[in-house]
Amino acid sequence: MTSINKVPPSIYTRSCPNCGGNISSQRLFNGSVCESCLKDDREFSNLSDLINILSENSNLKNLTQIRDVLEEYKKVEEIFGKLLNNSKPIGPQRSWTIRFLRGESFAIIAPPGLGKTTFGLIMSLYNATRNRKSIIIFPTRTLISQTVDKLAKFSELYSYSPRILYNKQSPTQTENILDQLKSGNFDIFISTNRFVIQNLSELSNIKFDFIFVDDVDAALKSGKSAKAILRLVGFTDEDIQTTMKLLRENIGEEEKFGKIQEIRESRLKDKIVIFSSATISRGNPILSSLMGFRPGSSVIYLRNIYDSYIDLTQTCKGQDFEECTLGTVIKLLKRLNDGTLIFVPIDKGAQYADYLASNLRDHGINVESVASSSISKLEKFERGEVSSLVGVATHYGVLVRGIDLPWRVKYSIFVGIPKFKFKIGEYMHPLALTRLLSLVYLVKNDDKVRGLLSYIRKRLRKISPAALAMLAKDIREGKIDDERLKEAYNLVNEYLKDNEFLKKVSDVGDLVIEGDYILMPDYLTYIQASGRTSRLYGANLTTGLSVLLIDNSRLFELLNKKLNLILDEVKWYSLDIDADKLGQVSLSDISAKITEERESLSKIKKEGNVESSSLSVKTTLFIVESPNKAKTISNFFSRPSTRSYGKLRVYETVLGDRVLIVAASGGHIYDLITEDESEKQDDNYVYGVLVKDSKFIPIYSTIKKCEKGHQIVKDLSQNKCPICGSRIVTDKTEVVDILRKLALEVDEVLIGTDPDTEGEKIAWDIYLAIRPFNGNIKRAEFHEVTRRAILNAIKNPREFNDNLVKSQIVRRIEDRWIGFKLSRKLQTEFWEQHCTSISKKNSKDEECKENRNLSAGRVQTPVLDWVVNRYQKYNENKKKYLIIESQDKSIFPFSVLALKKNGLSKNTQIIIHLEDINIKEEEFGPLPPYTTDTLLSDAANLLRIPASDTMRVAQDLFELGLITYHRTDSTRVSNVGISVAETYLKSKQVDISKIFRPRSWGEGGAHEAIRPTKPLDETMLKASIEQGDLELSKQLTFNHFRVYNLIFRRFITSQLPPLVVTKQIVRIRAYTKDNIELELDENKKEFVIGYKLKEGDEFRQTLQDAIYTLFRLYQPLDEKMKGKELSATITGTLNKSDVQLYTEGELISEMKSKQIGRPSTYAVIISTLKKRRYIIESKNLKKIIPTKLGMAVKEYLMENYKQIVSEKRTVKLLEKMNEVEEGKVDYLVLLKELYNEIQTIS
């Protein structure tokens, strides 16, 4: 349980877990129920104790079903104890069991050693004791034989003998088995996939209550076998066709999946279906849609590997390269000895693998080369009869994907960098084709190319690794039946003939051009192949050693760049065999550690006690706000399995010592209730807050939304919107129910909402809502959505910060009280006066009823005051100017403003005299990285993106893991951030010593400036997305890239030397042809004609995509123009003032400097003023102008309530709120002050 000094009192309506009534925060914090359900106010450490007390008091209501599940769980736990030497289910098994007992179907994707098959067998045994029938499906008869033996042993230990049937080979036995199945004379039927497909018509008519598919990857290897599984579950051919049609239809997601859900619920009914696998290479969308869950994929990014290298380009200098390479491999194998996988480049192929293996055997090394058909050699390696294997480094190769032996594989050796290599003009590998097509699209921006790319990607995603290998072979041999594929090859090869295009592609796309050949690092193959040395086995992630023999230095740089992008950071160790050194570490020590681990695993495997290694594995529910963030996080560790609960999608993945279940709350779940004054229960109720005995108790209800988009925060008696009468489509009560369900099945809950007061309050509300269902709940804090940051947050959870919670409570109540009180005044009293006045002026007789679109707020009112005052001063100082433009804009591109004179009008000829031309240099920057206010200001001023849009874009970029948290007033850069800049600069091949100036820009602390999380400029980001290196859960728009580019440039420039800006200053006069002197707005023009880096300027061109500049570059005027006259013309007039109107950016800067608002509210304040039509933005110059309504509102509020909404009072109050956040001020004292203040509003 979390430690909070004193729980802030509040009431949550309809949130009692037992009766659905109102309940206090203290009771939820205690893991209890409401007073109506239990008079005693006591604390419960677990749900079982609470249920027992309620049962004793005969007051068990909504928790009855959970009581039944927990009682059955105890029985299953007893079975586990009897069968597994008094062992209880480990974390994942407990989660699976609870889901099973709730009647859920789901997928288990977990590594060997977590007891998946054992779980399936025990649940089928449990089912048998309840007269329910089970079918367990395996890929091979060998596994069936082992399972029958295991079940026999289980039956003996449990003293219960279920009727077990299993399929045999002969037709007679098959017929006999089918007869027994039809008669129902069985409890457990054990079958192969093949038997199910061959006898589907008979088996689909037999009612199985529990279907357990032990190797779903094998079961889904073809559409036919996937269809067989669906038919066995009970789905008809018509169901499958309907689902296929619905998935293709262009209708809303809710309608589409609602119809599929109806099919699912009608067929599954009382059936439970569980898919189990250690890995899965592909999915089936129809099966996933109908089952309501999707199996995940193999865990390829979880690794504990020493990545080492030997640079053959240096060590083999002056020697025969092939002989030197062979000698290095021999020396390595004699040093490492046993358990090694050796990978040769795909361009050298299987022939070279055979050649290498033969040479190694000649040197006394026990090695075999393997291909896809070498099953016997793999088995020999597994038994230890062969010490090492040689195969081709290709992503579908048998050694890359087809071997999973954690107790056997120790080392990997790459004889050259894994790569795609092809001659320009030939048919390359289809995966290389997709990468090149994406680069063609980036450089040429050709929609036809984009269409081909999309088509080929979809095709490749649908086929199995074996089918991909066959396709690659056919293409290599010139057999291409697919016309669109052929068109893509022809198009790419045509482009590759253009040398200029090749240069552009190599700059953008991480490839090496060697003569007529193109080389691209195959980083996925390196990750997967080296990953064979570091596998999950139970709770253990084995240690591995990978040795990469570098045969191309540039390709190694590109490989490293890709690996850092995918894995966050890869540390490389230089390997010196003779010195026995791995970097500064002893090679012998690492080797001994690896060998000891493998011996331990071999012993566990031999003794058949796999589960004993998994006792520390636990299940963790990780809750975030947004679905995008949930998807991004779950994809860090694998392609997760998913399950759907209504509209909420839940992701499941594996992290070594835990199974991680990721879900999203969708932002705030609760908010202050919004009953009208007429609905008040008593006078102590003040706008959603109960005021009693000097206590302030906020009342919260779940947030609801209707079809028309209205948000409602009140308890409804009907499923109807009280505003418009439309149907309620979203009620966060559903989210609470789902999170409670998930919390019950896990060992711990971590709440990873945003790291600010709003995020803390969301987390606190979730904590209270689920506390009765799980007592082990903590806060996970992270400031960037990266693998490194998420792992750190999971490993280092913290307690809840009650000061942040109290601060948000104060802010929300203050916003509500002031907002509602003053808003009512505006909507009624003010509007009646204002509307009547307008009607009289317009000679109209209008009925001036209340105007509910009007609102006032503590912060928005001073900001409106600034806008109105600035506008008034602007008008007071406004003058009319003539616009004068040179007739030759190529010489002088600037407009000149002159005070209007009588007799001068449009098209009048004017002379501009260039009196003097000078040059000066100034240092510019570096500026610190962005904070929220500076980002919003720059985005508004430079990109003309409104603040509200910039915040939405930044929120997306944060959730997609591309930038750090965007609501911040810190300029600090962490060491991780500095390393991002360093990595980027190295990737641009600049001299770090000349140009890199690492700066932290602030003191230590949790918060950081807004910066990129990856060393990718805008062009590189686009390339990474197009090539599939980055798979984002949301498509980026034009504005996403523009804002990202701004953030990236500002950050990188903050780590560079200052810029030296060259300016030209031109002093001018203007007069008519009659020598009448004109009074100019300014008699000089100052503009930037160039810039350079103060140090390391030779790299400026290389870094042009990364340098932040606020200025536009102009062509310099020739100094010979000094004293010359230019012909010009008056082109128009404009009004100009000495006082400038605000832009959005300037208004935000003003809020920051005057300490009005916070990073999270700057955009909201401006957006609200626009929404209420108090201000508008001019079309061209984007200046903020108050409307007549805005000016009237400001005048009314300042005349009547200045003491409440003045800038001075607002700043003072915001300071006190910050002090609540820091624990310096009691939040109840501040609420009392606010309460007294609103009483003055009569």
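Using the three backbone atoms N, Cα and C, a Cβ is placed for every residue, glycine included.
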Feature motif 'DEAD box' in Swiss-Prot, mapped to one of the ranges 138-141, 214-217, 266-269, 786-789: 214-217
Zinc finger per Swiss-Prot - which of 616-644, 703-731, 906-934, 1109-1137: 703-731
Zinc finger range according to Swiss-Prot, out of 6-46, 826-866: 6-46
Cβ neighbours within the same chain of Asp754 (Mg(2+) binding site) - under 8 Å, at least six residues apart: Glu625, Ile762, Tyr965, Arg967
Cα distance (Å, whole number) from Cys724 (Zn(2+) 2 binding site) to Gln93 (ATP binding site): 48
Cβ contacts under 8 Å made by the zinc finger (6-46) with residues that lie 6+ beyond its boundaries: 53-54, 57, 59-63, 670, 673, 690, 695, 697-702, 715, 733, 736, 740, 765, 768-769, 771-773, 775, 802, 805-806, 809, 1227
Cys721 (Zn(2+) 2 binding site): tally of other CB atoms within 10 A of its CB: 21
Residues from the same chain, set at least six apart from the ends of the zinc finger (703-731), whose C-beta lies under 8 A from its own: 13-14, 254, 647, 668-675
Separation of alpha carbons, Thr117 (ATP binding site) and Cys37 (Zn(2+) 1 binding site) (Å): 42
Cβ-centroid neighbourhood (8 Å) of the Zn(2+) 1 site, Cys16, Cys19, Cys34, Cys37 excluded: Pro17, Asn18, Gly20, Gly21, Ile23, Val33, Glu35, Ser36, Leu38, Lys61
Distance [Cα-Cα, Å, rounded] between His710 (Zn(2+) 2 binding site) and Cys16 (Zn(2+) 1 binding site): 26
Chain-internal residues, separated by at least six, CB under 8 A from Cys16 (Zn(2+) 1 binding site): Asn22, Ile23, Val33, Cys34, Ser36, Cys37
Binding-site residues: Cys19, Cys34, Cys37, Cys706, Cys724 - member with fewest neighbouring CB atoms within 10 Å: Cys724
When distances run from the Cα of Cys721 (Zn(2+) 2 binding site) to each of the binding-site residues Cys19, Gly115, Thr117, the nearest one: Cys19
Residues within 8 Å of the Cys706, His710, Cys721, Cys724 Cβ centre (excluding the Zn(2+) 2 site residues themselves): Lys705, Glu707, Lys708, Gly709, Ile712, Pro722, Ile723, Gly725, Ser726, Ile728
Cα proximity to Cys19 (Zn(2+) 1 binding site), best match among binding-site residues Gly115, Thr117, Cys706, Cys724: Cys706
